[in-house]
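Quick look at what TrEMBL annotates:
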ACT_SITE  LYS8  active site
ACT_SITE  ASP144  active site
BINDING   PRO98, VAL99, ALA100, GLY101, GLY102, MET103, ALA104, GLY105, GLY106, SER107, ALA108  ATP binding site
DOMAIN    70-152  domain 'GHMP kinase N-terminal'
DOMAIN    213-287  domain 'GHMP kinase C-terminal'
Amino acid sequence: MTVRVPAKVNLQLSVGPIRDDGYHDLVNVFHAVSLFDEVTAEPSTGVEVAVEAAPGSEVAVEDVPTDGSNLAARAARLVATRLGVEPAVSLRIRKAIPVAGGMAGGSADAAAALLACARLWDSADEPVLSKDDLLELGAELGSDVPFALLGGTAIGLGRGERLTPALTRGVFHWVFATADGGLSTPAVYAECDRLREAHGEKVAWPEVSEELMTALATGDSKALGAALHNDLQPAALMLRSPLRRTLTTGMDLGAIGALVSGSGPTCAFLADSEEHAAELAAALSGVGVAKSVVRASGAVPGATII
Ligand SMILES: C[C@](O)(CO)[C@H](O)COP(=O)(O)OP(=O)(O)OC[C@H]1O[C@@H](n2ccc(N)nc2=O)[C@H](O)[C@@H]1O
Ligand SMILES: Nc1ncnc2c1ncn2[C@@H]1O[C@H](COP(=O)(O)OP(=O)(O)OP(=O)(O)O)[C@@H](O)[C@H]1O
């Protein structure tokens, strides 16, 4: 059973006040892009994990745990507990999504493992686990996991796990600049809180951007570029100052929008067309502001059995 699962970029990430449980209420507009991990699940004796880089990708697989803490292994155990079966599966993860890059690679693998194990262990005639059940299990594993199951473009409220699909038109073309070394998501949220406190900022309740929704619904890439917004960006730039240069270089080279993806450090650049994305990617590769430069388009479907 092999499942293909996409990376995400956050088109709007508006971070509200911190909650009693330590999470922040968000308006999180997720967009799934054509950069995929693949997870293959096969019957075995215990939970085993092997991780490899997808051909041609420069993903730091050595930073991914292969023990029980791997998010895909945790997903497999969760499905087994829910179905009352032994968690006996070998998981082979083929990664193209940057590790700790702000593109939800671990969450993607968890979503893929949920779907693969559910279909491996569930009764074929009458599946016990519905799509909604998987979304609920996903939310237990991480705030980004439900979206990796759903895909497309969606508004995430709460921690980001309460999803509503967004109306979109056409295809959007992206260029991603990856960075050496990851950023820790909790550290970036903590830095966001620290900066707000230091500036005496009053934290507003986040609202969905009307400009963004109109840009998506009309397929207007220039308007989308202007509406991109990430409240975690100042924190990611504080923790990794070279990203400022990456962002300004991409804009100087003609991107129609640029932002840090999620908690970073990957930077996302929007292009006008496929040709424009190819030119932008070539120009960005030439100036040495990224570990690697990858092109992708969106929106694409979520976790899918192949
Ligand atoms: C930055 C994003 O990737 C944007 O989509 C997500 O908000 C993070 O999602 P994730 O990696 O699935 O995060 P989780 O595993 O749920 O949480 C990791 C940590 O991130 C912080 N966190 C996450 C989500 C949220 N709404 N508020 C938070 O403050 C918390 O410190 C939490 O302990
Ligand atoms: N299957 C997995 N793939 C990648 N990292 C994993 C996996 N399982 C556990 N991890 C751990 O999770 C950490 C975060 O990795 P991940 O690639 O999900 O970050 P991210 O893309 O920044 O996440 P997000 O965008 O959801 O905040 C890694 O440093 C790694 O130690």
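Note that Cβ sites are derived from N, Cα and C of the backbone, with glycine treated the same way.
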Those recorded positions in LYS8, ALA100, GLY106, ALA108 whose CB falls under 6 A of ligand 1, listed in sequence order: none
Distance from ALA100 (ATP binding site) back to LYS8 (active site), taken between C-alpha atoms, in Å: 13
Cβ atoms near PRO98 (ATP binding site) (within 10 Å, other residues, all chains): 26
Within the domain 'GHMP kinase N-terminal' (70-152), residues counted as helix, strand or coil by DSSP: 47 helix, 8 strand, 28 coil
Spatial separation of ASP144 (active site) from GLY102 (ATP binding site) - C-alpha basis, Å: 10
Around the Cβ of ASP144 (active site), the count of other Cβ atoms that are within 10 Å: 27
Neighbourhood of ligand 2 - recorded positions from LYS8, PRO98, ALA108 with Cβ under 6 Å: none
Rounded Cα-Cα span from ASP144 (active site) to ALA104 (ATP binding site), Å: 7
DSSP helix/strand/coil residue counts for the domain 'GHMP kinase C-terminal' (213-287): 45 helix, 11 strand, 19 coil
Pairwise CA distance, PRO98 (ATP binding site) versus ASP144 (active site), rounded so that it is a whole Å: 15
Number of Cβ atoms other than its own within 10 Å, given for ALA108 (ATP binding site): 35
Pairwise Cα distance for ALA108 (ATP binding site)/ASP144 (active site) [Å, integer]: 8
